[in-house]
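Here is the structure we will look at.
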Amino acid sequence: MYWVAAIPVLLGAALAFCEAGAVSIQRTGGFLVAAVLIIAWLNLSNDFFDSETGVDENKNESVVNLTGKPNMVFLTSLAFLGVGVGLLGWLLAGSGAHQSAVLLAAAIACGYVYQGPPFRLGYIGLGEPLCFLAFGPLAVQAFSLALRPQVFQHAVFSAASWWTSILVGLTTTMVLFCSHFHQLEGDRAVGKMSPIVRLGSTGKAHHVLRWSVFSVFVMAATGVFLGHLPWTVVAVLPFCTPQARALLAFAAKHYSNPERIRPLKLYALNLHSALGLALAVALAASRVKLQLGI
């Protein structure tokens, strides 16, 4: 699951290199560590908050259920958050990227209001929009600014950064969406109105997933066609199709079986990481091509 943390940082680094011609490798490594710490906070705190409502009562992989120590899990999550935010603050202070600090603070806030009281916006079906914002436009734009030389940090967000952040926001949201398939009855029982509960069946959710995967590839190709993304993006898209096919095939075969469909989010994570890495390579390659005069 920690690819969800890494992809926005790697794409931010690729955008910085693509648009500014330089990127700080040291700060990239630091941001990767900070992002992993913050996603660890998010996962552990979500397990704790869900244990309070009973929605994770039958979730075997819940850390609270595995340890039987909810308070320890929550305190550990706060430690991860404190170290992660501290590292972020130190890195951002050194880079002077004040815009990035605001964007990342907003992304972390999205993570809290998703499950944390008194908000619990995930319980009214707003988890996916929050996920899209936090891991897409907010995080990708923040890291793309923070990882470029200071002279470029006040530049207007480019079309490429918007398209890239939207694409990775969509695939991150797919991971969360797919995690609900096996939880339909449990969510419904405690009144958690996840998107799949609102749709009413995993069959309808399966159709939404199919169109979502299709739309990601269409959007990427459209971005290239409109000149907002480099042509190298089209060259790397075929490398993501095996993961897309595997996701859709698994969903089609098992969407009606709660136990069999449980690993679906891992298939979505494979697509997310493949597309994120492919976009990063494509963006970096377009800059290398420019520098070589090819």
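Indices start at 1 and increase along the chain as displayed.
The backbone N, Cα and C atoms fix where each Cβ goes, and this holds for glycine too.
Automatic, uncurated: that is what TrEMBL annotation is.
According to TrEMBL, the feature signal peptide maps to 1-16. Within the chain carrying the signal peptide (1-16), a Cβ under 8 angstroms from the stretch's Cβ atoms is held by residues 22-23, 28, 31-32, 35-36, 38-40, 43, 135-136, 139-148, 152, 158, 160-161, 164-165, 168, 172, 175, 269, 272-273, 276-277, 279-281, 283-284, all 6 or more beyond its ends.
For the transmembrane segment (30-49), same-chain residues at least 6 beyond its ends with a Cβ under 8 Å from one of its own Cβ atoms are 1-2, 4-6, 8-10, 12, 56, 62-64, 70, 73-74, 76-78, 80-81, 83-85, 87-88, 91, 108, 111-112, 114-117, 120, 139, 143, 146-147. Taken from TrEMBL, the feature transmembrane segment applies to 30-49 (among others).
The annotation transmembrane segment is assigned in TrEMBL to 70-91 (among others).
Taken from TrEMBL, the feature transmembrane segment covers 97-114 (among others). Note on the transmembrane segment (97-114): residues 38, 41-42, 45-46, 85, 88-89, 120-122, 126-127, 130-131, 133-135, 138-139, 141-143, 145-146, 150, 153-154 of its chain, located 6 or more positions outside it, place their CB under 8 angstroms from a CB of the stretch.
Outside the transmembrane segment (121-140), and at least 6 residues removed from its termini, the chain residues within Cβ reach (under 8 Å) are 4, 7-9, 11-12, 15, 35, 53, 103-104, 106-108, 110-111, 113-115, 161-162, 164-170, 172-173, 176-177, 191-195, 197-198. If you look up TrEMBL, you'll see 121-140 (among others) marked as transmembrane segment.
Nonlocal intrachain contacts for the transmembrane segment (160-178), taken as residues 6+ away from its ends with a CB within less than 8 angstroms of a stretch CB, comprise 1, 4, 7-8, 11, 15, 18-19, 127-128, 131-133, 135-137, 139-141, 144, 195-196, 205, 208-209, 212-213, 215-216, 219-220, 223, 228-230, 247, 251, 264-265, 267-269, 271-272, 275-276, 279, 283. As annotated by TrEMBL, transmembrane segment applies to 160-178 (among others).
TrEMBL lists 208-227 (among others) with the feature transmembrane segment. For the transmembrane segment (208-227), the list of distant contacts is 160, 163, 166-167, 170-171, 174, 177-178, 195, 199, 233-234, 237, 240-241, 244, 247-248, 251, 271, 275, 279: same-chain residues at least six beyond its ends, Cβ to Cβ under 8 Å.
Among residues of the same chain six or more beyond the transmembrane segment (264-285), those with a C-beta under 8 A of the stretch's C-beta atoms are 1, 3-4, 7, 10-11, 13-15, 17-18, 160, 164, 167-168, 171-172, 174-179, 181-182, 213, 216, 220, 229-230, 232-233, 235-237, 239-240, 242-244, 246-247, 250-251, 254. If you look up TrEMBL, you'll see 264-285 (among others) marked as transmembrane segment.
If you look at the transmembrane segment (70-91), the same-chain residues 6 or more away from its ends with a CB under 8 A from one of its CBs are 27, 30-31, 33-38, 40-45, 47-48, 51-52, 63-64, 101, 104, 108, 146.
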